[in-house]
Every structure is written in structure tokens, then in C-alpha cells.
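Encoded as C-alpha cells, the structure appears first; notes follow it.
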Amino acid sequence: MASLPRRGLVPPLLWGLTLFLSLPGPVWLQPSPLPQSSPPTELHPCHTCRELVDSFNKGLERTIRDNFGGGNTAWEEEKLSKYKDSETRLVEVLESVCSKSDFECHRLLELSEELVESWWFHKQQEAPDLFQWLCSDSLKLCCPSGTFGPSCLPCPGGAEKPCGGYGQCEGEGTRGGSGHCDCQAGYGGEACGQCGLGYFEAERNASHLVCSACFGPCARCSGPEESNCLQCKKGWALHHLKCVDIDECGTERASCGADQFCVNTEGSYECRDVDECETQVCPGENEQCENTEGSYRCICAEGYKQMEGVCVKEQIPESAGFFSEMTEDELVVLQQMFFGVVICALATLAAKGDLVFTAIFIGAVAAMTGYWLSERSDRVLEGFIKGR
């Protein structure tokens, strides 16, 4: 084979650089996946107001602690009396009451800043509870504990013990919500004062209710035993205070298609597809049955293909590997290229990202120099170009 004319170092260098860049890069060069963030939960304005007041009270404690505490006590008492209700202290507290990223807090503070100033200079003595004065009485964002809605109505079960203590009153403490009780597992009723479906009263007095689980299929029961059932769940029938499974497949309750069969399960049933392949339905040679929903189809067995309605064995041509026709010298050249790429990768890692492109260039030059100087390099390059 005639040797290819020398074309300089640039084409093989570019080829080697492309080969290297196609390899998986180091971990620190891989782009990091974006973190999955859940949508933020929108809080009622009352919660924002409560957090603002809590932060304001913490600011009051911090300003006293940072400015006083040690030294001349008489002097501190004189100065403290002036600083305690001063505008200077108010400004110091308000400057840090909201975090930089808390947009809702900043918006609420902007709307209520004059009210806070009015409370600070004129209302502290008669209304020492800032939360009650600001959030409930002035801004009307919150309600007292155990109440809800625009008019601060009592939650079901009473304001002192909303939802009987066994649930959460929707909107409690805010001017929103429906007041509906979200009962704990096992409890039910408007104010969670009853046992829910599948539970019975294990203990009850004037202020206390304990609900325990019934036996599995019992919807209502008088105790935890199998024979304590009073009402059964769907799919079960009450028989001598026990719940027995209904065989829907033996009654008209089951509704399965013509190409399905019924299988009874505890409390229910399943409609399953008939598998026609369980019988010999594909008579052709080298055919096999494939079950489908409501039917089946005959396909050729593995290693066979259909030709003119008959399954014939596939002829897989034998293909020689890429390295089978290479000489030992050519394999040595490929080894040199491989080590050059390794050097390039190590150089890139050593550079730690500061000299990445320089490291890639040096590694590629090393790989292609070893390749280009071999007397058999032209033949290998030609093989790559032709896609051998």
C-alpha cells in the first residue's frame, strides 16, 4: 500500500483532541444537576405577622443585652430608663427584624411601620402584648387561639379545646379557614368527639376519649375481637357477629369481560385476562405464542424471522473485529495514543481547572507525536478514515 503524503501535525492533532474530548470527563468537569426544589408553601398573613412580632421581641432582648450588663449599675439604670423607650432603640430593632430574603416580612413591616411606632411611643403601657395589639386588634390578621375566620368564631368543640383535642381546626388563630376539624386517625365527627370508621370506644369519660382499632374487616364493632363486629366493610357480610368474605365471582356482583375470568380476593375480586397461550394455538414451525389483552398473536421464536409467512433461521454474518487485521506495530501505535490520552487526563486533573485547555493541548501533542513518528501510522490513520 502506498504511503499517504505527510500533511503536517495539525490534522492528527485535531483528531487526537477530538478523541480525548469524547471521553467522559472528570467529576469536577461534569455539570452538576440542578437541585429539585418543592414549591414554597404560602403562609397566611397571620403567620407572617406572628414571626415579625417574635423577631421584634428578640431584637428588644438583644439590644438590652448588648448595650448593658456590667459596670456602674446606677449609671446603667439611669441610661437604661432613657434608652428603653427611645427612638434609637426602636430603629436598631426594626433594622434587623426581617431577614433580607423574607419579602413578606418586609412588605408587612412597610404597611405597619407607623402602627409599630405608635405602639412603641404611646400604647406600650395599656397594650403590652404587641402581637395582640398589632396582629389581632389593629391589622385584623389573627384571631385568639381556638377561634377562626373573619369574626373569630370558636372552633368546633370550643375555643378552650378545639376539635376535642383530637384534631386540627382549619384556620385556627387566623382570620381565614373554614373551621373544619381534621381529626386524627381513629377519630371522627364534627368535633372529633366520636370514634371513626373501623374503631371503637376503648375508654371514655367527661374529658377523655380513647379509640382503638376493630378487627380487620369490621367497620363498626364493640371490641377488638373477630366476634365483636357490628357492621362490615364493603366486600364482607356480617354473620353471627363475624365478617365473612363475599365471593363475588360466585354471584352476579362480579363484572368481568367476555375474554376475562374472575378471581376472588379478600373483600373484593379481580378480572384477569384469559391466557390463550396456555393451549397450543400457534401450529407453525418455529412459532411461539404471545399473549395480548383480550387475544394473542403468533410470532417467530428467538433467532428466527418471518419470510413469506414462514419462520426461517436468521443468518448472522460474521464480522471481524477492528483489531483483527492490525499488525503488532500498529497495536503499539494505538498503545502510545492511549497512554498519551491518559497523560492528557492526568495533566487536566493536576491543573485543577486553571490550565485546562493548556493541559489538553500538551496531552494531545504527546499522543499524536507518538502516533505520527511511527512508520506504520499512515496505514492506521487511513483505516480510521475509512471506518474500518
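The first residue you see is number 1, and the count goes up from there.
Note: Cβ is positioned from N, Cα and C throughout, glycine not excepted.
Please treat TrEMBL annotations as automatic predictions, because they have not gone through curation.
TrEMBL annotations:
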DISULFID  C183-C192  disulfide bond
DOMAIN    153-193  domain 'EGF-like'
DOMAIN    273-312  domain 'EGF-like'
SIGNAL    1-29  signal peptide
TRANSMEM  331-350  transmembrane segment
TRANSMEM  355-373  transmembrane segment
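Packing against the domain 'EGF-like' (153-193) from elsewhere in the chain are residues 44-47, 140-147, 199, 209, 211-213: each is 6 or more residues past its ends and has a CB under 8 Å from a CB in it.
Each of the disulfide-bonded residues C183, C192 was scored by other CB atoms within 10 A of its CB, and the lowest score goes to C183. The domain 'EGF-like' (153-193): residue composition by secondary structure is 4 helix, 11 strand, 26 coil, according to DSSP. Across the domain 'EGF-like' (273-312), the DSSP tally of helix, strand and coil residues reads 3 helix, 20 strand, 17 coil.
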